[in-house]
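As written in TrEMBL, here are the features:
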type     : residues                                                            : note
BINDING  : 14, 388                                                             : Mg(2+) binding site
BINDING  : 21, 212, 213, 214, 215, 216, 286, 287, 288, 334, 335, 336, 337, 338 : ATP binding site
BINDING  : 95                                                                  : substrate binding site
ACT_SITE : 152                                                                 : active site, proton donor/acceptor
SITE     : 184                                                                 : site 'Transition state stabilizer'
SITE     : 245                                                                 : site 'Transition state stabilizer'
Ligand code: ADP
């Protein structure tokens, strides 16, 4: 097969602590021209797999850092006939986890923006520095292609003050930029816009709840296209029970662990980020395994599931009240798109609130946006696959086109 025409396409990068995921997309048609993942960055046995149409390429070996990972990705592109350096690429779109107070729009990256992102990296020490390393490497490797940073917090920048403010000493909050920022914003925005499109309604007339249930999980309440609340806070740890994160927890537990258990900040961080949530409760964080364990009669898996659903229902309840009237509740991301059991249990027994799931529709498998409520359900319940890469590609394209 001949190499695809990549003029006007956008390369979307999601640089993680030990992995780099990328997609080359055509922002208008949503066509994915190539994609790949580099894993175990920093190890001697790093690996990369890359696909472009029918062509595939692989790498195995040592990769020191994001720069080396990106260099490898670009050479895999060349192996499949795509030279990104001279191809007329429109932009590179970078996923940035934390935008702090000041970044709330997709932003064309220049040296000043790099410095500013560096300055706020303490807000998301696990994510922002490595996201930034991706930007710095890309600007060196493809100096003629504009880089655009798309922030996971952006959609929630204008949350009402009542929802974004923690009830702590105002001066402390101000000094340390402590507020509820919200995350997964690219997904909540993309999915909520797809919902209004799907319903054939004007965004300003739709009240909706979006449940992004992946390995990380968050909920949002959106009134007329604008979020009025979301479950993640200053960091992505607040809110729902997640694969490996606790979600909401009494902050007294943390000071107790420091005082009585001798935990330091790094140990608390590891406990709450990596060894909590579903994994903390039952040793597993993948719902497919948890489902199997529950069928085998595993009590810990059952409890993990019950805690997960209990928390999810609390947020749904809060957002039903927060919005007053709700037109749509939408499930998205790995668990939300694939687990009919979670969807059914999350909304079980809510007919009094106008919510009726259709059992048969709920169990149908599909990659498309679909309704899973009954025809007479007052609230439309939907499954809408998220596509953060496409959303980033489109936002990055708009920025460079507007230059
Ligand atoms: P991430 O937050 O890493 O982007 P995803 O949105 O890809 O996560 O979701 C990953 C999670 O989705 C997995 O950990 C697993 O729990 C869940 N998942 C994926 N496929 C299925 C499935 N067929 N049934 C139930 N859960 C699934």
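Cβ atoms here come from the backbone N, Cα and C positions, even for glycine.
Keep in mind that TrEMBL annotations are predicted by a computer and have not been checked by a curator.
Small disclaimer: the values here were computed from a predicted structure and weren't measured.
Recorded features from TrEMBL, shown on the structure.
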| residue | record | DSSP (3 states) |
| --- | --- | --- |
| 14 | Mg(2+) binding site | strand |
| 21 | ATP binding site | strand |
| 95 | substrate binding site | strand |
| 152 | active site, proton donor/acceptor | coil |
| 215 | ATP binding site | coil |
| 245 | site 'Transition state stabilizer' | coil |
| 286 | ATP binding site | coil |
| 337 | ATP binding site | helix |
| 388 | Mg(2+) binding site | helix |
Contacting binding-site residues, sequence order - 14, 21, 286 vs ligand 1, Cβ under 6 Å
286
Based on Cα distances to residue 215 (ATP binding site), point out the closest of the recorded positions 14, 152, 184, 245, 388.
245
Could you say which of the recorded positions 21, 95, 245, 288 has its Cβ with the most other Cβ atoms inside 10 Å?
245
Among the binding-site residues 286, 337, which residue has the fewest other Cβ atoms within 10 Å of its own Cβ?
286
For the binding-site residues 14, 215, the one whose C-beta sees the most other C-beta atoms within 10 angstroms:
14
Pull out the recorded positions from the set 21, 95, 152, 245, 288, 337 whose C-alpha sits within 10 Å of the C-alpha of residue 14 (Mg(2+) binding site).
21, 95
Do any of 152, 337, 388 (recorded positions) have a CA within 10 A of residue 95 (substrate binding site), and if so which?
152, 388
Cα-Cα, residue 388 (Mg(2+) binding site) versus residue 337 (ATP binding site), nearest Å, comes out at 14
C-alpha spacing of residue 245 (site 'Transition state stabilizer') relative to residue 337 (ATP binding site), in angstrom:
20
How many Å lie between the Cα of residue 152 (active site, proton donor/acceptor) and the Cα of residue 213 (ATP binding site)?
16
Here the Cα-Cα span from residue 335 (ATP binding site) to residue 184 (site 'Transition state stabilizer'), rounded to a whole number of angstrom, reaches 15
